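Here's what Swiss-Prot has on this protein:
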type	residues	note
SIGNAL	1-15	signal peptide
CARBOHYD	Asn53	N-linked glycosylation site
BINDING	His75, His77, His93, His153	Cu cation binding site
CARBOHYD	Asn86	N-linked glycosylation site
DISULFID	Cys87-Cys162	disulfide bond
CARBOHYD	Asn98	N-linked glycosylation site
CARBOHYD	Asn156	N-linked glycosylation site
CARBOHYD	Asn164	N-linked glycosylation site
CARBOHYD	Asn176	N-linked glycosylation site
REGION	176-204	region 'Disordered'
CARBOHYD	Asn181	N-linked glycosylation site
CARBOHYD	Asn192	N-linked glycosylation site
LIPID	Asn205	GPI-anchor amidated asparagine
Amino acid sequence: MKYLSIFLLATFALAGDAPISTDSKGSPSLIAKFEKTSKSNIEGTIKFTPANNGTVSVSVDLKGLPSDIGPFPYHVHEKPVPASKNCSATENHFNPYNGTVRAATPAAHEVGDLAGKHGNIMGESYKTEYDDSYISLNEKSRSYIGGLSIVIHANNGTRLNCANITLLDEGHGNANTTMSNSSSSSSQSAVNTSSSMASTAPQGNGAERAVVNGLLAAGVVGVIAALI
């Protein structure tokens, strides 16, 4: 019973609502371009542009979806798609605030769970637009999605197709250069409590943020262990 209590306490300490992000105004727009592959006919785009209030406007325009394995969940994943186009290499959902699946509120969802917050992709062709208050186009934000990827799943979780999130307007510069600059931004100084660590988490891409989350988890568990 003691260990169950410790586990629940650790889970509670690590999980938290994502803050509303209103820092995207003036940031470059991003896009995920889906192309047909030998295993998937899905093609189209998901665009991310700054909304007037600083949140993110999302525009989905897809076709070629299979007729018999929908509806289709889709998420921002924490790693980019490699040159091999292996969607499994994108690893887990983008989840900088340790949200949960099937959460009761949008803030409690994983930041990258677009389907959980806004509904699954439906039908063989699909178009929709919505604003998302929790992802960000600002490179300095913990919720920044540039350089990550989007994966479209079948209703059983199979990964059907995936695409990297890159700059929409090449006038802002080379997409790879921009994402690299974000990835190489310096880490901030460590602090003594997990809450302070969370509020000053380093900038960077999904790989760096996954490491930070792991360090936070280890720190909380260590504090709990010291108390028993």
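Every residue, even glycine, has its Cβ placed from backbone N, Cα and C.
Take the CB of Cys162 (disulfide bond) and look out to 10 A: across all protein chains shown you find 26 other CB atoms. In terms of Cα spacing, the binding-site residues His75, His77, His153 all stay beyond 10 Å of Asn98 (N-linked glycosylation site). Other C-beta atoms found within 10 angstroms of the C-beta of Asn86 (N-linked glycosylation site) number 11, with every protein chain shown included. With a 10 A radius on its CB, His153 (Cu cation binding site) counts 22 other CB atoms from all the protein chains.
Asn164 (N-linked glycosylation site) has His77 as its nearest neighbour among the binding-site residues His77, His93, His153, going by CA to CA distance. If you take the Cα of Cys162 (disulfide bond) and the Cα of His75 (Cu cation binding site), they are about 10 angstrom apart, rounded to a whole number. Asn86 (N-linked glycosylation site) carries neither a helix nor a strand DSSP state and counts as coil.
For the pair formed by His153 (Cu cation binding site) and Asn86 (N-linked glycosylation site), distance between Cα atoms is given as 13 Å, rounded to the nearest Å.
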